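Features of the protein shown, as given by Swiss-Prot:
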BINDING   T26, G27, S28, T29, D82, G83, A84, D85, K95, G96, G97, G98, K122  substrate binding site
ACT_SITE  E104  active site, proton acceptor
Amino acid sequence: MEALKKIAGVTAAQYVTDGMTIGLGTGSTAYYFVEEIGRRVKQEGLQVVGVTTSSVTSKQAEGLGIPLKSIDDIDSIDLTVDGADEVDKDFNGIKGGGAALLMEKIVATPTKEYIWVVDASKMVEHLGAFKLPVEVVQYGADRLFRVFEKAGYKPSFRMKGDSRLVTDMQNYIIDLDLGCIKDPVAFGHLLDGTVGVVEHGLFNGMVDKVIVASKDGVIVLEAPKAG
């Protein structure tokens, strides 16, 4: 599995050229993309500026010598490469297994080309087998948890050891065990309108390409263009 993740990450790095501002994703597959960019910066003199999606990725990129800028200092990003926890046939996805969904979505939004790197196990018919992360403010989190519980969403607080995990943005994550999300777009809108929810892990209609690595090789799936 790790070998497939590495293949997907390295393949995505081929889309990066001199002068680009690139979004650096978070997670076990995006890790290999960042590593390959670091190698190219060092060995090939690749000239890029990175924008990171988590403190973990910032630390990795700094260690590799990749120049970084804050999201607040740029107007657009040429290319962002990130992982995904599930991707359906309509190019909707669930992200946030690494607890970085808010920053990942903030970086994805001004991106001209958004690429996900996955192994074949992440491609699914319907989203929802992977728990859906919902980032919530700490104030009122337990009340919101009860709302989700009453709605039948089977919520659980993301933990780190014996304590609730706190994200880079100082929020909690409530994971929803939904089984199958029949209409990801509608459910995303529902969560968007829920007071106390900062962001959720449904990335609907955002991705442009999905690089899928399997034992049979690598395929690049292109999302249909809107309109």
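Here the Cβ of each residue, glycine as well, is placed from N, Cα and C on the backbone.
The residue listed as 'active site, proton acceptor' and K95 (substrate binding site) are 9 Å apart (CA-CA, integer value). Packing around D82 (substrate binding site) is summarised by its Cβ count: 31 other Cβ atoms lie within 10 angstroms of its Cβ, all protein chains included.
Within 10 Å of the C-beta of T26 (substrate binding site) we count 29 further C-beta atoms, all protein chains included. Between E104 (active site, proton acceptor) and D82 (substrate binding site), the C-alpha separation comes to 8 Å.
Other residues of the same chain near the substrate site, with their Cβ within 8 Å of the Cβ centroid of T26, G27, S28, T29, D82, G83, A84, D85, K95, G96, G97, G98, K122, are G25, A30. Annotation note: D82 (substrate binding site) sits in a strand segment as assigned by DSSP. Across T26, G27, S28, T29, D82, G83, A84, D85, K95, G96, G97, G98, K122, which the record gives as binding substrate, the greatest C-alpha separation is 16 Å. Considering only the recorded positions S28, A84, E104, K122, the Cβ with the fewest other Cβ atoms within 10 Å is that of S28.
When the binding-site residues K95, G97 are scored by other C-beta atoms within 10 Å, K95 scores highest.
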